[in-house]
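Marked as transmembrane segment by TrEMBL: 20-42, 54-79, 99-132, 139-158, 164-185, 197-217.
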Amino acid sequence: MAWQGLAAEFLQVPAVTRTYTAACVLTTAAVQLELLSPFQLYFNPHLVFRKFQVWRLVTNFLFFGPLGFSFFFNMLFVFRYCRMLEEGSFRGRTADFVFMFLFGGILMTLLGLLGSLFFLGQALTVMLVYVWSRRNPRVRVNFFGLLTFQAPFLPWALMGFSLLLGNSILVDLLGIAVGHIYYFLEDVFPNQPGGKRLLLTPSFLMAPACPFASLLARR
């Protein structure tokens, strides 16, 4: 009964958040069970473009490391802020939300080439947090009961936390940079004199044959 209740609750989660979170958890479980190796998942341009292992363009966004504090920390932020975006500013706009993922993923992949980054899931998480924080600037955030501040400071707090843990902040900076580019092109530039909306969701995401169209129809 408890599992049925949990499953029913999970099915109430918006489609994109549910799909991405489930994919991350299942990928990590497969690695823990040694069904997959991280070496099969990381982004490697040579293997992608010379060996045609194109799945790496996706799987590098799904693996957050082995089960442990870092994994659960990232999953908490992925689930929370992805869901708040999807239920908030992207409510009824599933295709636009999917396009934000695609835009962010492609830009991160291109920029990640410069920094030799192999896993970009954390950068995508920071991007989600950044976009949410800029769209909710007056919301006050409690950071694990230690600090309380306005939402726009949250991505920087996450970067500081990564620094305290001894991790590279390059991934966090990448997520902030891509999040800011998306926010500027989507929310700022169209409202400037002479500005216009440049990020238009491709029609193929709205087409009836597209799997995301069925997600949109259910919203």
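Just so you know, the numbers here start at 1 and follow the chain as drawn.
Cβ atoms here come from the backbone N, Cα and C positions, even for glycine.
Unlike curated records, TrEMBL annotations are generated automatically.
Within its own chain, the transmembrane segment (164-185) has Cβ neighbours under 8 Å at 70, 100, 103-104, 107-108, 111-112, 115, 117, 120, 122-131, 134-135, 155-156, 158, 198-199, counting only residues six or more beyond its boundaries. Remote same-chain residues near the transmembrane segment (139-158) are listed as 77, 126, 129-130, 132-133, 172, 175-176, 179 (criterion: CB distance under 8 Å, separation of at least six residues from the stretch ends).
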